[in-house]
Amino acid sequence: MNNAGRYAPSPSGDLHIGNLRTAILAWLFARTTQRAFVLRVDDLDRVRAGAAEQQLADLAAIGIDWDGPVAYQSTRTDAYDAAIAELAAAGRTYECYCTRREIQEAATAPHGPMGAYPGTCRELTTAQRDQRRASGRPAAIRLRADVDSFTFHDQLHGEYTGAVDDLVLRRGDGIPAYNLTVVVDDADQGVDQVVRGDDLLPSTPRQAYLATLLGLAVPTYAHVPLVLNPEGKRLAKRDGAVTLSDRRAAGDTPQDVVALIADSLGYRARTTAELRELFDAAQLPRNPWILDPTGLFRPDECP
Ligand code: GLU
């Protein structure tokens, strides 16, 4: 399968209205450009039992359909291992024994991007590496990057240039790192269009660069504005009745939730099918949607 858009939730809990809005946008971008739409569950980390099933049920309930089987990252470790092995064979990896604190304390390389890994373990001698290995601390595997920034095109943000450092490919606990898995998965699922929240914009130069190193096509990107609470912080479940089950408990139907999300995008629609007829990516609001969950209750339901 080729030419697909996707949504890739982390199954750490229920999706809230902000997540559902991003999922609807990813679905709309894909379906209005004759693409397939695939789902992936990012379940290598932060998994809550039953959350993935609930997320898929909620997506279906608001009218999102998808093609083919859902991919689960926890079943794909062979693919990640193969990608890391390919980079290692090309001399593009090294073992890193730094703790998080050591990285924070080390001065950033003189010409490196702010916050970048300072390269402490990059040029260890064999003796130094053996000494660190002997300490018993498990090594992370890092990419030996030969650029410190990378530019990609974003449908909403235009040419975007951001930092690339010697990013982690496999964490010290053995788990393949997000920046690697996302690149491998998107390629394997035929994803050539990535639509996701703009909180991930700064990670994208690393991912696009990694794709080129692995000989994979760089997808087109659209990083969409997030939903914020009235304090300007990213909407979270603690902000109130913001998940689909919360909204149902408050008397809303899934169509009411779709209507609310459609309204935030400037459309009057109650189903994703209606939205699909109306959607124009060029008209997408460029600013975050500020949502006050306390204002969501209908007047007759106010305590
Ligand atoms: N699973 C990631 C998240 O929920 C998203 C990954 C992606 O869209 O690339 O933040």
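A Cβ is built for glycine as well, from the same backbone N, Cα and C atoms used for every other residue.
A TrEMBL annotation is a machine prediction, not a hand-curated record.
Owing to the predicted nature of the structure, the values given are computational and were not obtained by experimental measurement.
According to TrEMBL, the L-glutamate binding site annotation covers Arg6, Tyr7, Ala8, Pro9, Ser10, Asp42, Tyr178, Arg196. Asp42 (L-glutamate binding site) has a Cβ environment of 21 other Cβ atoms inside 10 Å.
The Zn(2+) binding site feature in TrEMBL is assigned to Cys96, Cys98, Tyr117, Cys121. Annotation note: Cys121 (Zn(2+) binding site) sits in a coil segment as assigned by DSSP.
Counted within 10 Å of its Cβ, the other Cβ atoms near Lys237 (ATP binding site) come to 14, all protein chains included. Reduced to three states, the DSSP call for Lys237 (ATP binding site) is helix. TrEMBL lists Lys237 with the feature ATP binding site.
The domain 'Glutamyl/glutaminyl-tRNA synthetase class Ib catalytic' annotation in TrEMBL covers 6-283.
The average pLDDT for the motif ''HIGH' region' (9-19) in the predicted structure is 97. Feature annotation from TrEMBL assigns motif ''HIGH' region' to 9-19.
For the motif ''KMSKS' region' (234-238), the residues of the chain that approach it from at least six positions outside its boundaries are 13-14, 16-18, 199, 226-228, 291, 293, judged by C-beta separation under 8 angstroms. If you look up TrEMBL, you'll see 234-238 marked as motif ''KMSKS' region'.
Cys121 (Zn(2+) binding site): 21 other CB atoms within 10 A of its CB, across all protein chains. Excluding Arg6, Tyr7, Ala8, Pro9, Ser10, Asp42, Tyr178, Arg196 themselves, the residues of that chain whose CB lies within 8 A of the CB mean position for the L-glutamate site are, in sequence, Arg40, Val41, Val182. Note: the Cα of Arg196 (L-glutamate binding site) and the Cα of Tyr117 (Zn(2+) binding site) are spaced 25 Å from each other. Cα distances from Pro9 (L-glutamate binding site) to the binding-site residues Cys96, Cys98, Tyr117, Cys121, Lys237 are smallest for Lys237. Between the binding-site residues Tyr7, Tyr117, Tyr178, the minimum number of other C-beta atoms within 10 Å of a residue's C-beta occurs at Tyr178. Screening the binding-site residues Arg6, Ala8, Pro9, Ser10, Arg196 for a C-beta under 6 A from any atom of ligand 1 leaves Ala8, Pro9, Ser10, Arg196.
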